[in-house]
Amino acid sequence: MDHSSTEDGELTHPILSKHPDHPPVVVASPLLTEAVSSELEEILSDTSLTHFHRLRKATALELYSLFRLAGPAIIVYVLNNVMSMSTQIFCGHLGNLQLAASSLGNNGVQLFAYGVMLGMGSAVETLCGQAFGANQYGMLGVYLQRATILLMVAAIPLMILYIFSNPLLILIGQSKEIAASAALFIYGLIPQIFAYAANFPIQKFLQAQSIVNPSAYIAAAMLVVHILLTWVALYVWGWGLLGASLVLSFTWWAIVVAQFVYILKSERTRETWTGFSMQAFSGLWGFFKLSLSSAVMLCLETWYFQILILIAGLLDNPEIALDSLAVCSTILGWVLMISIGFNAAASVRVSNELGAGHPKSAAFSVIVVTLCSFVISLICAVILLALRHVISYAFTEGQTVADAVSELTPLLALSITLNGVQPVLSGVAVGCGWQTFVAYVNVGCYYVVGVPLGCLLAFKFNLGAKGIWLGLVGGVTMQTCILLFVTFRTNWQKEVILKTKMEIEIRG
């Protein structure tokens, strides 16, 4: 990662300048037979056009590419979330114990595995995106297989964690009754771990090629199948908690199979999937290091929210604090789906352009996707503020909780605005392969600043849930500022060269 600048402090990558300091970079590699042409790069470098006309044409082209990627990605994330939520709702109708058990399994253990697998799968996003941009189409299939091998191996210790979930839950303070029921639900999720190990590399493999609509169609179809099968398993066959989680695992495997069949049959993947290769077993160490950094980066973000919720349970009036934080976290999670879609789009666009040797296009994509996500999140925040006194009634009828949520809403609106930028910058980091750097940033901002600040404000200054959320905002604000500074000080010309070297090293 290079963030060099000129002596007077100006950036070294003037995106729209008529006289750029450096000529466009053309990356040479054994697998690249000719320079990759990019319409966006040509527009940004076309000195015959006025600054305004170049900006207008480039923005229109980038917005088309961006929303074509972000829209289906948002749909996939939302539908996958609804799938898990529907399982929890079905279990809730079996009884309070079943609801508590499924919530603990879904929002605790399963979310942990999801974060690890999705994070490790992000290495595919980096390498496949850059390889596709560089016309190294044959490497995409190799990276897909390499990632699947590593994730399947990583699934084994997670499986052991699932198997011993009962004593582990008791160890952290859960009652024996809830722990036993939650463990039963978790046992049925063991096949899901291995489905994750196959799904995320496939999903990132397709996204790197801007193939996103098939995943959205498959997710929509499988959601319908999942709801029907869950109803049959619970109310016709009477399989209970274990049946509900087994159906969830089955649905995830159905998604994997459907996507892989698409890869085998589609003309769009004919050049990128050429069959199984022994080359997938080479370069595993370099790939593992990038995968591990990706997993740590994502898990540190996921655990941050979970730790703050646990801290809320230590407050004097934990029930109200937990309820209000749960409502706000749920709202934030749903709005965050939009930013996660832009995160995926940013990663694909940046990695493709870096792989193609187009620094201007990469830098311009970062600006456009960040501004789009920020504006949409800002609109959501304003709407939320306007509904601050009624929004909580969608979750609860209690006036006390409603008042607590209303008090937290301004901070929630600020979090939504920040999360319009932060996940997108994380997507840029994935596209560039900066996962290790971002992992260090996350440790410092979340765990050195955010958590201690939240505890200090909540307990020392008696701000309660508000103090905890202020700590959250403080950590995210610091992280966002650092990522903004680093991203917009990046020398994209040198970044292209660095990423080419990284790809050659990991290719094996």
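From the backbone N, Cα and C atoms, a Cβ is placed for every residue, glycine too.
Pulled from TrEMBL:
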type     : residues : note
REGION   : 1-22     : region 'Disordered'
TRANSMEM : 61-79    : transmembrane segment
TRANSMEM : 111-128  : transmembrane segment
TRANSMEM : 149-172  : transmembrane segment
TRANSMEM : 178-197  : transmembrane segment
TRANSMEM : 217-237  : transmembrane segment
TRANSMEM : 243-264  : transmembrane segment
TRANSMEM : 284-311  : transmembrane segment
TRANSMEM : 331-350  : transmembrane segment
TRANSMEM : 362-391  : transmembrane segment
TRANSMEM : 411-430  : transmembrane segment
TRANSMEM : 437-461  : transmembrane segment
TRANSMEM : 467-488  : transmembrane segment
Exercise. Which stretch, 217-237, 243-264, 284-311, 411-430, 437-461, tops the Cβ pairs under 8 Å count with the transmembrane segment (178-197)?
Worked result: 243-264
For this session: May I ask whether the transmembrane segment (437-461) has at least three C-beta pairs under 8 Å with the transmembrane segment (331-350), counting pairs 6 or more apart in sequence?
Result: no
Exercise. What residues in the same chain, six or more past the boundaries of the transmembrane segment (111-128), come closer than 8 Å to it by Cβ-Cβ distance?
Worked result: 139-140, 143-144, 147, 150-151, 154-155, 158, 161-162, 189, 192-193, 196-197, 200-201, 203-205, 207-209, 287, 290-292, 294-299, 302-303, 306, 344, 347-348, 351, 430-433, 435, 503, 506
Problem set entry | Long-range Cβ neighbours of the transmembrane segment (437-461) (under 8 Å; 6 or more residues past either end) | 1, 293, 296-297, 300-301, 304, 307-308, 311-312, 314-315, 426, 429, 467-472, 474-476, 478-479, 482-483, 486
For this session: For the transmembrane segment (362-391) and the transmembrane segment (61-79), decide whether they are in contact, meaning at least 3 CB pairs lie under 8 A, counting pairs 6 or more apart in sequence.
Result: yes
